[in-house]
Amino acid sequence: MGPEVDTPAASTAPAPARTAPRARSRALRSAGASLRSLLRTRETSIIGALLVSILAASLIVEGFATGRNAGFLILDVTAIALIALPMTLVVITGEIDLSVASTLGLTSAVMGQLWVAGLPLELIVPLCLVLGSLLGALNGVLVTVAGLPSLAVTIGSMAMYRGLAYVVLGDRAVADFPFSWTGGATARLPGTDIPWIAVLIAVLAAVFGAVLHATPVGRALYAVGNNAEATRFSGISVRWTKLWLFVLSGTVAAGAGVFWTLQYGSARADNAFALELSVVAAVLLGGVSIFGGRGALPGVLAGVLLLGVIRNALMLADVSSDVLDIVTGLLLVASVVVPTTLARVRERRPRAAPPS
Amino acid sequence: MSGTDETGASAPTSAPPAAGAPAGHGSGEHRGDGRARLRIPQARELGILLALVLLVAVTTLASPGFLSGQSVRDLLLGATLLAILAVGQSMVLITRNVDLSVGSVMGLSAFAVGMTFVSFPGLPTPVVMLVGVLVGTLCGVVNGVLVAAARVPALVVTLGTLYMFRGIDYWWAGGRQINAADMPDGFLGLSRVTVLGVPLPAVAAAAVVVAAGWYLRNYRSGRELYAVGSEPAAARLIGIPVDRRVFAPFVVNGSLAGLAGVVYASRFGTLDATVGTGMELEVVAAAVVGGVAIFGGSGTVYGAALGALLLSTIDAALPMLNVDAFWQQAVVGLLILVSIGLDRLLAVRTARRLRGGGPRGA
């Protein structure tokens, strides 16, 4: 046993010794580079999976590859796509917001109640967005000022916001919104099948992507997720960063709530029930690490679309929607279990001989 | 794999477990931290008990019928499901994990019970009940393997299995509904059997609570769950087989969710694929309200059971107090937030007290 232990230990010893004298910043930079390359492969694989699934669906499923259907697909994933944008940033900083779907539901309920009360939609919509910001700010304050784990906080606020939605509207539905608004929500760009909301999503995604990947703010988010302590020393306010992200998350969820209400022409307290699961699934599927510090927006968009394509194709192919739950679950589990297990296997291989 | 780690490390680490033992048994007189940690959960449980007594008192004053025998039986029956689930969830939470799939597991096993009665009418009732529990156990094994194998947050894994188990349930049910007529009267009557006036399911739940509480407090492997939840890396270093200690609560939790499915089937008699949807939230809420920290390492199943009882009582009391039933969920959410805040406050205070007590050796 003894000599076997010694040989691999002796062979691995020089490697750290060689890297030790290097400047720490350079080591960090190379770690960043390898991280980025890992990221690139994760992203490439999810985008590849998206393209393959689109191609397969176009070939196999009749009626999939039509402009009309593409329009429906986009409308179907709109809420998830919108909420996934800020969620990506939140998860990259190592936090999570499970209250988004409840925020959407509460916004919808308030929107319905205000409409019943006779307010004009021009006023209701901004009020709803402000409400979303406040709901997000409450989460943010509990996380940053009180120092509570966001998972616990947002499980609590998820229950509370959904409960408040029922308090506001009960189990009633408000459906008499003017057609100019409900029809406008699902309107297509003139002469095409593309819903105008797709343009908004694209613009927002570009803005979020640019901020995340090309500005100091974006780099700060990764830094916060990788090592909050070190980031604090480098002069970035981790608290303010996270607080604003939660406000952003709440605001966008409220915006999605307004759109949802108009799209389906119905304000209900149970709108988008459990949608947070789909959002988190899409974000993680897109390669964002639940531990924070890793992930990219293109991957997340591909994740959103992949779930949408699979759902749409299965429905067109008359496969029961129940299978979708199984597929979603399998994808989610595989997307976290497979890479981490592979990494562990790879990590273990050099150390296989010596008992730890 | 961890087995070899463990045996390899157990020889040189006979001292650290011994050092951890006083905290575990709460007997070391010079270990202030050990006793403080034990005192806090007690304080939490007392607080919940107080809230419960207050709630019952106020409700009884407002509506004297609240404490009648029948409504107390209904209340206990209502708390049974939640308490059984909360006990399993607490054991998972203590190891710093979470099982969001319990609602789906309960639904799947409830439907399995119904389907077994329909497909094999000749089977004796206890065998069918065992089938329900085994379905839950199997789901727990799946969760446990995925979490322990990948060491990714259980949140993500059980979010995935929440979908999967629910999907399997829908796929299996295919829109079918199982009614009381499909199940034998003997099985459906189990909920109405009482032991000294207490409904049988409530007795079963109490037995589950006491057994789990006993195990966590008096067995070394039970105490090690707390060690794993407090600091997984440290637990690994002192030779605790962390992967196994994480795996086991998932299996137990699955079995208990299966048991809850059996109780559900017996009590309600109407089963479809939607049974237990969204239940996971209420279960986590009961545990958290009961003082089980969502970030692991502290809490007791007694607290969780009390939390379940409190939530069920709120449920029953709100209509009696003429409070709109729609407020219930909002109150639950608020309770969760207050509980986590309180937990944090206590933790900060304890940390300050310990720091004031002088530095402690690493």
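Glycine too: its Cβ is placed from the backbone N, Cα and C atoms.
The feature transmembrane segment, as given by TrEMBL for the ranges B:305-325, B:326-346, sits at B:326-346. Taking residue pairs at least 6 apart in sequence, the transmembrane segment (B:193-216) and the transmembrane segment (B:101-120) share fewer than three C-beta contacts under 8 angstroms. Here the transmembrane segment (B:193-216) sits against the transmembrane segment (B:75-94); at least 3 CB pairs are under 8 Å, leaving out pairs fewer than 6 apart in sequence.
Remote same-chain partners of the transmembrane segment (B:75-94), defined as residues 6 or more beyond its termini with a Cβ less than 8 Å from a stretch Cβ, comprise 102, 106, 154, 191, 198-199, 201-202, 204-205, 208-209, 212, 216, 225-226, 229, 249-250, 252-257, 259-260, 263-264, 267, 279, 282-284, 286-288, 290, 292-294, 296-301, 303-305, 307-309, 311-313, 315-316. Residues 197, 289-291, 303, 306-307, 309-310, 313-314, 316-317, 320-322, 342 of the same chain lie 6 or more positions beyond the ends of the transmembrane segment (B:46-69) yet place their CB under 8 Å from a CB of it.
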